[in-house]
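J.: Can you read through this structure? Questions will come right after.
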Amino acid sequence: MDLKQQYILALDEGTSSCRTIVFDKDLNQVAIAQNEFNQFFPKSGWVEQDPLEIWSVQLATMQSAKNKAQIKSNNIAAVGITNQRETIVLWNKENGLPVYNAIVWQDQRTASLCDKLNQDTKIKEFVKKHTGLPINPYFSATKIAWILENVPLAQKMLKEDKLLAGTIDTWLIWKLTGGKMHVTDVSNASRTLLFDITTMTWSQELGDIFKVPLSILPKVMPSNAHFGDIVPSHWSTSATGMVPIRGVAGDQQAALFGQLCVEPAMVKNTYGTGCFMLMNIGNELKYSQHNLLTTVAWQLENQKPVYALEGSVFVAGAALKWLRDSLKVMYSAAESDFYAKLAQKEEQEVVFVPAFTGLGAPYWDASARGAIFGIEANTKREHLVKATLEAIAFQANDLIKAMASDLNSSIKKIKADGGACNSNYLMQFQADIANLEVIIPKNVETTTMGAAFLAGLAVNYWKDTKQLEKLTGIAKQFKSQMNQTVREKKSKRWNEAVKRTLKWASLD
């Protein structure tokens, strides 16, 4: 092992696990360590995590990855951090102890407060204009307000000026730097409902609306700023290296950067349990006419912020899981391509709308429910599997169309990542139905790579994104092979099917 050699470490703190990956100059993964942590569900719709457990698990993976790579802290050029967004921690700055569990992004306990605020059209429009977001329990502000109102210890610490608040990146940086730095980056700040994306600062008006004192919030920095140095003893008892934290971004924004969607109109879609699609819209703030979110993608030092439009599909890979676990149609999701190809032999127009929990963008109908259309006497399991894969692509296509319309131009290609990318049938159908090119990178760890890229570029470990483009490479490309008549016919059928599922749960 060359002791002069330098590496980049990326910490990836997800919703259910923490990972650390060590990258070298050629973007090889030298070592990886991952551990899960606990989720708590104290009441229906409540989701919590233990901030001290998150910290100890993340620290353990950081040490483990370094040891597996057989390197010293002196060999680490910089560290990047990416994290689950919106999840919030409040803690005592004197002893580093949280005053309550972390309230997770999925947590719905503040739904009634959000409903109440949304009844005031002026407030609703002000918040949308200044944050790019709707007032929703998903985002951080009402979670902080809930803790301040319901946890006596939080009120006591606030009165004594000992209280700090932050998203998970802020909590980890505070711990890593030995309590020296209380900071966040623009991408994480933009998910709190307290950060004004028109001025790129915390907003007193937003603080007043949500009853959150700005004094407890971290300093907001560009995504590749110097967020402080890691205390050497966090690596090992004998470590001496002062390793800088030089890249921070929320997970979806990190994936957009990791996919090198650095020019306007570049789109990435993560095909996971659901789909997260983000489009780079450049330095000009734009608001969606289709209820997509406007968010800060990132900001590099001495440059203007880059904004993004974000849309999500609630059920993507989860629909394949439903086929496997609830209907027992197949043993594993890996079989889906086999069945889809089998179904192509006898053409049946089965359409499945997997609206298990309503439909997200661009429909925004919480009372839509799932339905399967076009079933005949000879419909078999393979037709259902094929329809499920196609449903994932149809839903993503609805987002693509919404984004193209907001941008006023067509989208020529999307970069894909996530588990469901393994389905060649899905990726080909996506290219066909959206009439564009789908590109899958060689390294699908795009979220972690985004954090690594930000940190590495900040310390000149890599020269620029052009160099990174050469290093990332393309694993697969899918181009449209469907003629326009067939595409229109299939799209028309999908649109009709969706229409028939809307408002289902609200029927008397």
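For all residues, glycine too, the Cβ spot is worked out from N, Cα and C.
Among the features that Swiss-Prot reports, ADP binding site is placed at THR15, ARG19, THR273, GLY317, GLY419. Taken from Swiss-Prot, the feature sn-glycerol 3-phosphate binding site covers THR15, ARG85, GLU86, TYR138, ASP251. Sequence annotations record features per position, and here Swiss-Prot assigns ATP binding site to THR15, SER16, SER17, THR273, GLY317, GLY419 based on sequence analysis. Under the heading glycerol binding site, Swiss-Prot lists ARG85, GLU86, TYR138, ASP251, GLN252, citing sequence analysis as support.
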J.: Look up ASP251 (sn-glycerol 3-phosphate binding site) in the DSSP assignment and reduce it to helix, strand or coil.
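T.: Reduced to three states, the DSSP call for ASP251 (sn-glycerol 3-phosphate binding site) is helix.
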J.: Max Cα-Cα distance in Å among THR15, ARG85, GLU86, TYR138, ASP251, the residues listed as binding sn-glycerol 3-phosphate?
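T.: Spelled out: the longest distance between any two Cα atoms in THR15, ARG85, GLU86, TYR138, ASP251 is 15 Å.
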J.: In the structure shown, which of the binding-site residues ARG19, ARG85 has the fewest other Cβ atoms within 10 Å?
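T.: So among ARG19, ARG85, the binding-site residues given, the one with the fewest Cβ atoms within 10 Å is ARG19.
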J.: Under 8 Å Cβ to Cβ from GLY419 (ADP binding site), same chain, six or more residues apart: give me those in sequence order, or none if nothing qualifies.
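T.: Result: TYR271, GLY272, GLY317, ALA333.
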J.: Would you work out the biggest C-alpha to C-alpha distance among ARG85, GLU86, TYR138, ASP251, GLN252, the residues that bind glycerol according to the record, and give it in angstrom as a whole number?
T.: 15
J.: Among SER17, ARG19, GLU86, TYR138, these being the binding-site residues, pick the one whose CA is nearest to that of GLN252 (glycerol binding site).
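T.: Nearest listed residue in space: GLU86.
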J.: Look up SER16 (ATP binding site) in the DSSP assignment and report helix, strand or coil.
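T.: DSSP assigns SER16 (ATP binding site) to coil.
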J.: If you take the centroid of the Cβ atoms of ARG85, GLU86, TYR138, ASP251, GLN252, the listed glycerol site, which other residues of that chain have their Cβ within 8 Å of it?
T.: GLN84, THR87, TRP105, ARG191, GLY250
